[in-house]
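Below you'll find the structure, written out as structure tokens, and then a few comments.
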Amino acid sequence: MKGNRKNVRETALELLDSVEKNQAYSNLLLNNAIEKNKIDKKDTGLLTELIYGTLQRRMTLDFYLDPFIKNNSKLEKWVLQLLRLTLYQMVYLDRIPDRAAIFEAVEIAKRRGHKGIAGVVNGVLRSIQRQGLPSLGAISDPTEKLAIETSHPVWLVKRWVSQFGYEKTKEMCEMNLTAPLQTARVNVTRISVEDCLLQLEKEGFLVEPSPIIPEAIKCLRGNLAASNTFKEGLLTIQDESSMLAAYALGVKKDDRILDACAAPGGKSTHIAEKLQNSGKVLSLDLHEHKVKLIAENAGRLGLTNIETKKLDSRTIQGHIEAETFDSILLDAPCSGLGVMRRKPDMKYTKREEDLSRLQQIQLDLLEAVSPLVKKGGTIVYSTCTVDREENQETVRLFLEKNPGFEGDLSLADRMPEAVRPLIRGYDIQILPQDLGSDGFYIACLQRKVD
Ligand SMILES: C[S@@+](CC[C@H](N)C(=O)[O-])C[C@H]1O[C@@H](n2cnc3c(N)ncnc32)[C@H](O)[C@@H]1O
């Protein structure tokens, strides 16, 4: 058991190192490490928690460590990671005694470095144990304090406070520290939600219906991607917020729908399911390898009404005639600030200037695809971000330049009951704390008839 645990922590350290070297944290990275280091199945939960937790709390951990490592400015990167990893266990994991966490950190430091480094690690951790953690109360500026307390960059917390106010920002930052539940969409063209839940229970999963989306389920235990039900094409792993995009489109039988930024096809396949294999979805994406994923997903789900194509949607007008589609989904590339719970390393790599650059791409995409919707048809603009510049501002600028379009106020009629209170006219900004789903934005724009 002890041997294994050391292995878990060394593997966690290795992964934290890779993330630091700019390899984004992903399940793939985690799965490779589990395989390479032959991590016992029962220890994978602890490994995931150590990596997620240490990444999620990095700024808070650094605040706590700072006074104790001031004189060790030449500390190697991996030693700092080891200190963060160990302090995370001491502060946030009650079930691991401090002395055990410190002992193992010192052993790792001896093996990976030398006796001197082990001495530094031991010294820092024992001092913290003796003197206690520095108080966050010493930070006088409330925004800065919130940033450190919840480990979000100060620029982002400032930006959110100016956009949403202090209270909502605080709730959002706190929510971002929690682990999301896995949710999935039942392929109702092939199985009912009730039968799907029963089938998954038989497979040993703990599942329940979503309170938000009629065709969605929540998974309380297990990984649905590993289920036979998933492999048989009866499920798609997808967040509930993302499922709202297909609702906003108001899909009708036989519609021709463009999904302009479609890979890996989560929303295209939802639209195709809503069409019940009638009509057509044209799914575009910039990258060939990503386009393949859309086709693979459609194949797994048994959907035959999706056509895929590699294309830069900004050039679509040279390829497809105007007024071809009944509706268009533009699920635009964005900063992804709504999914920080799932990708904690993102907090430390995003830069404020990225957001304005993205707005230009979003506007270019909207301008390019908009002539392709029929008169009276709808464009749904969506992002998985929580930022006014990429969301409401992008839409405002588009509407300002395109008087042939207006906000579609019938959006609420098409949306599930649970989200209606969040709709403001023709758009909806979901914050992670609103429904427990990802932060997400949807705007519905209608092409005027004349
Ligand atoms: C938010 S993701 C789409 C997620 C997808 N709608 C789903 O639900 O599975 C944005 C996608 O836009 C693609 N993309 C970015 N710029 C594009 C462009 N100019 N033309 C087409 N696709 C683009 C990216 O490759 C990425 O796959």
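Any Cβ shown, glycine's included, is placed from N, Cα and C.
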Further S-adenosyl-L-methionine ligand in TrEMBL, beside Cys261, Ala262, Ala263, Pro264, Gly265, Gly266, Lys267, Asp285, Asp331, within candidate set Asp195, Asp312, Asp354, Asp387:
Asp312
Inter-residue Cα distance where the pair is Lys267 (S-adenosyl-L-methionine binding site) and Cys384 (active site, nucleophile), in Å
13
Within 10 Å of each Cβ, count the other Cβ atoms and name the one among the recorded positions Cys261, Ala263, Cys384 with the highest count.
Ala263
DSSP-derived structure type at Asp312 (S-adenosyl-L-methionine binding site), helix or strand or else coil
coil
Of all C-alpha pairs drawn from the S-adenosyl-L-methionine-binding set Cys261, Ala262, Ala263, Pro264, Gly265, Gly266, Lys267, Asp285, Asp312, Asp331, the farthest apart lie at a distance in Å of 19
Rank the binding-site residues Gly265, Lys267, Asp312 by the number of other Cβ atoms within 10 Å of each Cβ, and give the residue at the low end.
Asp312
Translate the DSSP assignment of Lys267 (S-adenosyl-L-methionine binding site) into the three-state scheme.
helix
